[in-house]
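Asks: This is the structure I want to talk about, given as structure tokens.
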Amino acid sequence: MTTEAGSETEVKEKAEETSAQPDQSETAEQEGQEVANVEGEEKEKGKEKEGKEGKGITRYLPTWFKKQKSQSQTSPTKEVPPAGEPVSKATEGEEEPAPEVNGHAEEVEEKEEVKSEEAKEATAAESDSTASAETEPAREEKVEDATAKSEETTKEAAEAEGAEEEQKEKERQGHVEAEADGGESQTSIFQSPLRLVRKNKMKVVVCRVTLLDGTDFTCEVEKRAKGQYLFFKVCEHLNLLEKDYFGLTYKDSHDEKCWLDPTKEIKRQIRSNNWHFAFSVKFYPPDPSQLTEDITRYLLCLQLREDVSSGRLPCSFVTHALLGSYTLQAEFGDYEPDQPRPLDFISQLTFAPNQNKEMEEKILELHKSHRGMTPAQADIQFLENAKKLSMYGVDLHHAKDSEGVDIMLGVCANGLLVYKDRLRINRFAWPKILKISYKRNNFYIKIRPGETEQFESTVGFKLQNHRSAKKLWKVCVENHSFFRLNAPEAPTKARFLTLGSKFRYSGRTQAQTRLASSLIDRPAPSFERTSSKRISRSLDGAPVISITEAGSETAENGRDPHLELHSDSKSLEDEIASVLLSRRTAAEFYSAAQPQRSVQEPTLDAAATTCSAAAAAAAPTAVCSSSVSAPSATEVCAPQTEAAPADYTSSDTKEPAKTPEVEIEETVVIQEVSRAVKLGLVPVTADSPATPPAEPEPKPQDQIEKVEEEAAAVEEVKPVKPERASSESESEEEAEYQPNVAASITQTKIPEEKEEEEEEQMTKEEEQQQVSPPVVPAPPVEASEPAEELSQEEEEEAKKEDTSVVEEKKDDQEEKESGRETEESTDDPMVTPEEAPEGLILPDETLGAKPTEEQERPKMNGEASLVEVDPRPQVICCSEPPVVKTEMVTISDTFAAQKTEIATKEVPIVHTETKTITYEAAQLDGNGDGEPGVLMTAQTITSESLCTTTTTHITKTLKGGLSETRIEKRIVITGDCDIDHDQALAQAIKEAKEQHPDMSVTRVVVHKETELAEEEED
Amino acid sequence: MAGLMAGFGHYTHAVVRGIPASLAKEALRTSQAEVDLTGARTEHDAYVEVLRTKLGLEVVELPADESLPDCVFVEDAAVVCGETALITRPGAESRRRETEVMKEALKDLNLNIVEMTDENATLDGGDVLFTGREFFVGLSKRTNQRGAEILADAFKDYAVSTVPVLEGLHLKSFCSMGGPGLIIIGSSEPAQKALKIMQQMSDHRYDKLTVPDDIAANCIYMNLPDKGHVLLHCTAEEFPESVKVFEKLKDHMLIPVSNLEKVKVDGALTCCSVLINKKANI
């Protein structure tokens, strides 16, 4: 504790500094960490054999060890003064590093929360932050496991919340909450730890973001920060809560505007030294009147004014005049008859591409008629007219049709539009699209057969190049997910194998963001409505939006976290919340992953079957089933589905519609699970009824078995890895996305699109069918299709090993899902929805789910074995199923860019198993001292030790011997039973935090397949 | 200050044109039926009288031109939406000059005139279906892609989708609007196909009213201040089965208008007038 105190003081100081200059402080911390690392290295060299990571860890090892032990052993709340003292006594350098770590966390927290908090609190907070960081990796792992990142994240967040609650540690909870409140600050905290890990590479870059009012916002960002961090910074600056409609863009090397992926490192995306971004509307809300806050509408207005004046959003003379008049009313209030030469003034404003005197006169004339209208009302009127424009919210892409004719492809909320010279020549509503894919410079959509057609057709377009094809594909995936899904879909495992890009929309869907917005209860933030520079050059460039109310910001943070948690794991807040939980989940995943691996080989066949999809669904259901006695698998499934909807309803969020692919993956998992369980998982898929009840009980045994299997699996996995890499490379070239399933599911819930009555009915029917399939073992047509596709893909792309890997991934996903379900079910409504969809999709999943959980545990062991490859420090290695993992990874990435490095190793699909990648960075971050070498951990870590640790729970930390080992401990915790692990993890984390803020979770072993995907995506 | 796209069916003015004697013999037609010029003129007078007296529109009557046998079908010469009038370039060479008088008339109504000067473009107003939210342009013998593009350029606020017209003269030879979001459609296979395409192409949802006779699907819908929904449709004498369908529209003021003679030269109800809302926007 003494050490802690010392560290705390230091931390406080640092925190203060950091508060003033977070980035700098971080850098400073990093430096300090580095120093500490150096010292530690010297000391450690003798002691530890581990690689770079080990060095960093070893430095801290003494302190960490003690602390970690105490943490792991003692309850989380307990602080270990003795441990702390020795640490403090240890060389200053050592102390410094620890404080640095704390400081990072503290800094963030302080910034957000209160700088003046007591040292203990700060340390605790730090510890929490560190914990969160650790958990992040876990989340990542989870994500990877889970097919849907978003779902996972939400679940994780929910889990995290639940875990926190479970911990019952009020103080810590308070800290956590505070962190959560911090929101962005939390995110920063998370990042900071990651940064610490990366410290070697840690560099601060000044980002320039052009806001919608034309002003520039500059902020410093760690060079390895992810897009989300910068985006949150901007939103914080803007005091924007409904941020999901917005995004950041950058110009790529070809001077084309690209969306900054929030889940990936900025640096890897921009691929240049031009850290210049633009804040823009990414998803145009079809009905702006449903936005909750005026400030959101205002920002949307700013975007639309630019769209209109630039000609991107074409409109008629009359509409130009009308929109311009509302702009005048909003920006300048009532028409002033006394104003001298109003035309001169107005002509300085740009309302239209071809603005002329006549139009300006018309604008003024209309402006007069708006007398008495408030700015907010004027904005609403502006939007009510703008939203009716046919090109509102349509993102156009140049393309050629099959005959080489130049066309434009427009992506919008309703689907894909095909234009030829301003004429709409075709339209594919989202419900009509079964699959979106691209290969090289070709972009394909598979169309659902019409009433009179028997076969689905595929329409292909030629894009300018591979980049533009991928860009279009990503936009389609994102728009479909945002507007059609209740919850984002996790990246699919199968796709990894078959198709290159794992990319999926990671943010909140419109349904989610609406729900979140409905929870906003802050007083309307006051913002300055200075006319934007673009429109009125005469006005000052003063930033349009100034954060007037600090309180409001805090409120935002607090609120946001919840929202974010639900919607996306990416949000820092969510991450924090999920940390503890995530750990648990991670453990589960690990365990599951390992068993899955073992199972995978057998599952290959099963995977091929579409039925497997149903089984996959079972996984989530299994969780539910555990609570509820499941008569038969089918029956169980039904309850789950029902339960899930109920949860959704409670949250108001719609059930997330998972993609068919996910289901498939899940199904695969189920099969695997069945094998591992020995219960006759196979029957479970088919005969789900018997299995569900049995599953819960057998879990321990199964786990054990699984562990063994996992070990075997691990070995298998290793060979797979190279394959994965290959698959990844392929992924870049092409990718698929099957919106239908999700869409169909969502459609049932979301009646947005109403095209043809018949079509709608058709879709509804289809949807129903899809939904029904889960209940009924026999896969519905749609469900079967996706499964088939997946199977095909697997067959084609994935080799036997790959397929096994895929299966593993699926298992992981299932595990994650199951974990989520269990945790989430109580906590996060959002999470439940995600689960629910899965459950809906796959009736058999219920059975499978339980097994998956069991498997997860065993996987933990298996993961541990995998971990062997990785250095111990990062113990948390997640051997998640390829697809799921990728998702998980992405989430983690969003949190901490640093982690991504580790993640890079991850291969999209199968390899995720091996993914046990240790997040040295995380540890490093936490330690702050951890040297770059940490990253090396992935291979070196003894799988056995890891496995054992995982199984042993916290004990693994001991393995590490080094202070770094703490992380391993956590891993161990995860490896253990889900619940126990979670609690243990939470406690351990808490303890660690309390005991040694320095100890903050430094290393998390995560299998990040996502990185590869990210690269590809990039 | 009606907002964008508000008040579908609101009309204050109608532009019509007299029937030249040359119509009976020289007007373009797809059938060989004998046209009773007197009967046609009687019909047309009744038609104009409905617009003027019964519906209270301000009717601008253009004089017939003997050199333009089809000039009574003014719809093909101009497309008016809001305050913008697109002067078309009719697909039939013999009808090109019909636009001259129309242009002047619309100018006098202070509409923003957009002319279709591209010699590669052809467009008949009969191929233009405006639903209140978007345009559908039939690609027919009379209307080509380029003409549709120019229309799209003239009405930038609206989506303009093209619909192939495989049979029949114009898109509106088998369909028309029966109200906001209500498409009246003929039951023939080409008509139903066209409807399917329109539904697929649209972001909006349309109800459909299917009538047994394609030509009966051509009606004139208005939404007038003191009369509500008004539908001018064929008479029971012409298409008894279709009229039964219209009679199911309980909220509409139904006005049967005889079109026995003009239909012989492919003239439908909408063909004989250009409806304008001088208070459409602002």
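A Cβ is built for glycine as well, from the same backbone N, Cα and C atoms used for every other residue.
All annotation found in TrEMBL is predicted automatically rather than curated by experts.
Note that the structure is predicted; figures quoted are calculated from it, not measured.
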Asks: Which of B:R142, B:R146, B:R205 shares the substrate site with B:L28, B:D70, B:E75, B:D76, B:R95, B:V265 per TrEMBL?
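Replies: Looking through B:R142, B:R146, B:R205, the residue TrEMBL assigns to the substrate site is B:R142.
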Asks: Could you state the CA-to-CA distance between B:L28 (substrate binding site) and B:C271 (active site, nucleophile) to the nearest Å?
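Replies: Distance (Cα to Cα, whole Å): 14 Å.
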Asks: Please give the maximum pairwise Cα distance, in Å and rounded to a whole number, for the substrate-binding set B:L28, B:D70, B:E75, B:D76, B:R95, B:R142, B:V265.
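Replies: Roughly 15 Å, rounded to the nearest whole number.
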Asks: Just the number: how many Å between the Cα atoms of B:C271 (active site, nucleophile) and B:R142 (substrate binding site)?
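Replies: Cα to Cα, B:C271 (active site, nucleophile) and B:R142 (substrate binding site) are separated by 14 Å.
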Asks: Here are some recorded positions: B:R95, B:R142, B:H170. Which one has the most Cβ atoms within 10 Å of its Cβ?
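Replies: Of the recorded positions B:R95, B:R142, B:H170, the highest Cβ count within 10 Å belongs to B:H170.
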Asks: Taking only the Cα atoms, work out how far B:H170 (active site, proton donor) lies from B:R95 (substrate binding site), in Å, as a whole number.
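Replies: Approximately 15 Å lies between the Cα of B:H170 (active site, proton donor) and that of B:R95 (substrate binding site).
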Asks: Other residues with Cβ within 8 Å of the Cβ centroid of B:L28, B:D70, B:E75, B:D76, B:R95, B:R142, B:V265 at the substrate site?
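Replies: In sequence order, the nearby non-listed residues are B:A27, B:F73, B:P90, B:A92, B:E98, B:D124, B:G126, B:D266, B:G267, B:C271.
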Asks: In which DSSP state, out of helix, strand and coil, do we find B:L28 (substrate binding site)?
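Replies: It is coil.
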Asks: B:D70 (substrate binding site) has how many other Cβ neighbours within 10 Å of its own Cβ?
Replies: 27
